[in-house]
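Take a look at the structure below.
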Amino acid sequence: MVSFDKLKIWVLCICLVSELGYGFYLPGSYPHKYGVGDFLNVKVNSLTSIDTELPYSYYSLPFCKPEEGVKDSAENLGELLMGDRIENSPYRFKMYTNETEVFLCQTKPLSADEFKLLKERIDEMYQVNLILDNLPAIRYTKKENYFLRWTGYPVGIKVQDAYYVFNHLKFTVLVHKFEETNVARVMGTGDGSEVISTVGNEGSDAPGYMVVGFEVVPCSFQHTPDSLKNLKMYNKLPSPIKCDPTTVSMAIKENEPVSFTYEVNFVESDIKWPSRWDAYLKMEGAKVHWFSILNSLMVITFLAGIVLVIFLRTIRRDLARYDELDKEAQAQMNEELSGWKLVVGDVFRAPSNPGLLCAMVGDGVQILGMAVVTIMFAALGFMSPASRGTLITGMLFFYMILGVAAGYVSVRLWRTIFCGDHKGWVGVAWKAACFFPGLSFLILTVLNFLLWGSHSTGAIPFSLFVVLILLWFCISVPLTLIGGYLGAKAPHIEYPVRTNQIPREIPAQKYPSWLLVLGAGTLPFGTLFIELFFIMSSLWMGRVYYVFGFLLIVMILLVVVCAEVSLVLTYMHLCVEDWKWWWKSFFASGSVAIYIFLYSINYLIFDLKSLSGPVSATLYLGYSLFMVLAIMFATGTVGFLSSFWFVHYLFSSVKLD
């Protein structure tokens, strides 16, 4: 009865989560109601470019600054690691109040350095990123009778030998009337209005609006000096401005100032607040080719199923044939036949570098667990693009917490290899706590020095470096040691057979075994190479990745295929009397990382053709190396653990003297 009550509670919780998922916005942000005339403050993010991949601060260029001074917005750890630098801006609107010819400022005459820097940023195709009510500014361009969507707008453009800056911005803010009763109904409570911030007195009939869209059209407009005399920020220009994005006229020149203006138009829209991110998630070029990917998944699943069926039939027939024989026939069969039965006394012999293997398997469990939990939360919507930086922050949090699993698995595997011996478990736990994080820290430190040298906002500040080190040694390492302690107390896995004192000689092979191991990664790579394109595009082309539910399915399929590949390869090695299966089972599935790295190089050459400069290429390859190392640890762990289970089960299923 108690179990049935618990089941009902779980079902109720799942239903509530499902209802909230369909009826409300899960990431945790709530709609903000603005009254007519309320101020809307636009924020600026780092300047970004797909040409260099080096973000820079918005105010590194001679742009207008707010009257109250430049102030950093509160940022989480993930935003800082991603290179976001969100600051206030001088652009300021009043809700549902259209304004035209608004003067912002006139810069000082451009110095030689400012003029040179501005030309460089235009040549490198840098984009200005504006944010209003957590929505990035979106820009539409028409090409061959259909519209392309872009986030941000270019700093300027080069026409022939002249450089032009976009100094006039035409904003369109899409708003939707605030529906308090509907929100309360969706929230499932009459107190829903108390959760959502409101403006004005209670019971007021004044309409409120929510921001559901933010569009920008950049223009290059040459102002006459007379029209700017005695103007202060937010004053109206005496002459009208014709914003034509197809023509440019504001050429930048050394020792001449640049004037900035803007206009804003509010348009009431039918877009509901929970759907306001749809325009960003359906950007051209980031559209998922569902039919192509599903077709690929079906083929891969079918091939993996065939491999698994053949493998199971072969093993079952082998075991059935062996069990039908009496002891004398079994002994004779052992002498006459070669195969996995002859390595019974060596199959559980300790591998070379057992401590390193245990640490890598423990780190792989930690990385895999972090990936699964993070993708599950992202698929539920808690780490959507609306919640900037939460994906990276969540990954760090889950990785640190799962240090317990890394320590437990690595130490228990260590004790299993040495038949329950506790000696050395502390060193193994320390290796698990420091090996992969140490490699990551080394790679990221080298890349960070490059970013520091380039004065990019992508560089991790020294204070944040200290914070990351403290998180590592004050949270992750202690949790890993706690997990190691639990692994030392847990019973080790007993081997079903005894190991001979003298190792058996491995017969000469017709082909190098490691060649087969390296080639085994092609099948796991086939399960994810299509999805890998969209992940790479989101990382390096500034596109929004949002199909985390599909990514979870691909990841599950990848785990299954990695396990199957390692099982088949381990059985093949045992059949040719090669009992050194430990490391080979790890790299059989872990070798998929090699193909991912090769794909990254291919993506750099053929898809990132505009990537310029040795610093950008080094950053790309460095981050790719970091990514493939994590994938190698995770997939290698899946292959090793599945092979270990298989070998243990195989030699437990037959009685061998």
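We number each residue from 1, going along the chain as drawn.
The backbone N, Cα and C atoms fix where each Cβ goes, and this holds for glycine too.
Marked as transmembrane segment by TrEMBL: 290-312 (among others).
Marked as transmembrane segment by TrEMBL: 356-383 (among others). Beyond its flanks by at least six residues, the transmembrane segment (356-383) meets 17, 21, 25-28, 390-391, 394-395, 398-399, 402-403, 405-411, 413-414, 417, 428, 431-432, 435-436, 480, 548-549, 551-552, 555, 559, 582-583, 586, 630, 633-638, 640-641 of its own chain at Cβ-Cβ distances under 8 Å.
Per TrEMBL, transmembrane segment is recorded for 389-411 (among others).
Annotated transmembrane segment per TrEMBL: 432-452 (among others), in sequence order.
According to TrEMBL, the feature transmembrane segment maps to 464-488 (among others). Long-range Cβ contacts of the transmembrane segment (464-488) within its own chain (Cβ-Cβ under 8 Å, at least 6 residues beyond either end) map to 77, 80-81, 362, 396, 399-401, 403-412, 414-415, 422, 425-426, 428-430, 432-434, 437, 441, 448.
Per TrEMBL, transmembrane segment is recorded for 514-540 (among others). Tertiary proximity for the transmembrane segment (514-540) is limited to same-chain residues at least six positions away from its ends with a CB under 8 Å from its CB atoms, namely 50, 53, 285-286, 288-289, 292-293, 296-297, 300, 303-304, 547, 550-551, 554, 557-558, 561-562, 565-566, 569, 572, 584, 587-596, 599-600, 603, 607-608, 620, 623, 635.
Summarising the annotation, TrEMBL assigns transmembrane segment to 546-569 (among others). When Cβ-Cβ distances below 8 Å are used as the criterion, the transmembrane segment (546-569) is approached by residues 281, 288, 293, 297, 300-301, 304, 307-308, 311, 368, 371-372, 375-376, 378-379, 383-385, 516-517, 520-521, 523-524, 527-528, 531, 534-535, 584-585, 588-589, 592, 635, 638-640, 642-643, 646 of the same chain, each at least six residues removed from its ends.
Annotation comment: TrEMBL describes 581-605 (among others) as transmembrane segment. If you look at the transmembrane segment (581-605), the same-chain residues 6 or more away from its ends with a CB under 8 A from one of its CBs are 347, 351-352, 357, 360-361, 513-514, 517-522, 524-525, 529, 532-533, 536, 540, 562-563, 565-566, 569-570, 573-574, 611, 617, 620-621, 624-625, 627-629, 631-633, 635-640, 642-644, 647.
Per TrEMBL, transmembrane segment is recorded for 625-651 (among others).
Residues 27, 75-82, 84, 358-359, 361-363, 365-367, 369-370, 373-374, 377-378, 382-383, 425, 428-429, 431-433, 471, 475-477, 479-488, 490 of the same chain, all 6+ positions outside the transmembrane segment (389-411), place their C-beta atoms under 8 angstroms from a C-beta of that stretch.
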